[in-house]
Amino acid sequence: MPIEPMTKAVGLDLGTSTIKLVSGNHSYRIPSVIGSPNPGWSGMVQDKSWLNNLIIEDANGNDVYIGELARLQSEIRKSLASEGKMKSIDNSILALKAILSLIMKSNYEQFVVATGVPIATGVEESKELIRGLKGTHEIKVKNDATGETKQMKILVEQSLVMPEPYGTYYNILKTLGVTTAVDSVIVDIGHGTTDILCMYNGRIMRAASGSLEEATDSLTSALSRAIQEKSGKIIRPFDLMKTIEQGKRTILAGGKVLDIGSAVDQSIETISEVIIDETNRLLNNLPPDAWIEKVMVTGGGAYIFGKYLKQAFFEADIVKSPEGVIVPEDAVMSNAIGFEMIAKTKMK
Ligand SMILES: Nc1ncnc2c1ncn2[C@@H]1O[C@H](COP(=O)(O)OP(=O)(O)OP(=O)(O)O)[C@@H](O)[C@H]1O
Ligand SMILES: [Mg+2]
């Protein structure tokens, strides 16, 4: 009779705009927001998935909307992180418990959890998050669309917390089969922040790491302004996201087709230059014998800025060849994938 380990490894990435979870063949993304309940007609909802209709009960027995449900329905919403840091530990733990409930097959399960947090999160907050996640938790969740409730218990046997881009560093080295520490810079371009993490001799170099507000939404905001100036039409940055993701170079505004191609290229160049300058500035804080072998460009922004940055990091002399710049296969999930790998190494 085969005997399988009952503890599951979980990788979490607690970003300023989305939380990601990877465990076995599960892979989830939810917006990093929680919110007040706002009950209403829900019988009409098409999408009855737990992922998009998630409500969790907090310590006081109150309902809290999580992720997409909070984004769409809550009147009072709180972001879990902003300005490059985690905001409320209690709220983050609540959201993490809610997302863990999605992978439960029975009403009791054991986990080893490795979590990535924004780079500017303090040591104290990280420790609090580790303590808060570790141990036994009662979880009560409800599906807003169906009214179904579930009650479960989890045991987090071990909890690790690291800066988000470390997940990609681990993932890439493991995937490449590199077993020695390689001096690297990991540039994680997200929705609202770019995190830069510097690794030297296998250590995280705090003085050479930091975050920037230039990221994917800087591009869509710049475009939105340019479109308004040119055509008088207001197109919200959020609505330009899909256009950018699909690599489209024209849009329809007020019944007219506009060519946004060169504006996109120009913005990509400007934002990339800011990222390169900041990386250079941070690298000045490394010891002189540091030898950056790899620059890893990750996060959803890698799909947009990756190509330009590959060349630009090389031209800025930060790496010795364009091949030294690596983009992971799944840039959006790569931190969480790496954290799951790390969690696995901690299982007995
Ligand atoms: N395939 C894609 N092509 C282009 N852009 C993409 C793609 N996938 C995601 N993006 C963009 O990347 C951004 C999301 O990236 P990511 O998930 O890394 O951000 P995040 O981690 O939630 O944000 P932050 O790091 O600021 O917390 C979005 O702005 C999205 O439009
Ligand atoms: Mg991110």
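Counting begins at 1 with the first residue displayed.
Using N, Cα and C of the backbone, Cβ positions are placed for all residues, glycine too.
Quick look at what TrEMBL lists:
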DOMAIN    11-167  domain 'Actin-like protein N-terminal'
DOMAIN    186-310  domain 'Actin homologue MreB-like C-terminal'
Within the domain 'Actin homologue MreB-like C-terminal' (186-310), how many residues are helix, strand or coil going by DSSP? 60 helix, 29 strand, 36 coil
Model confidence over the domain 'Actin homologue MreB-like C-terminal' (186-310), as mean pLDDT, sits at 94
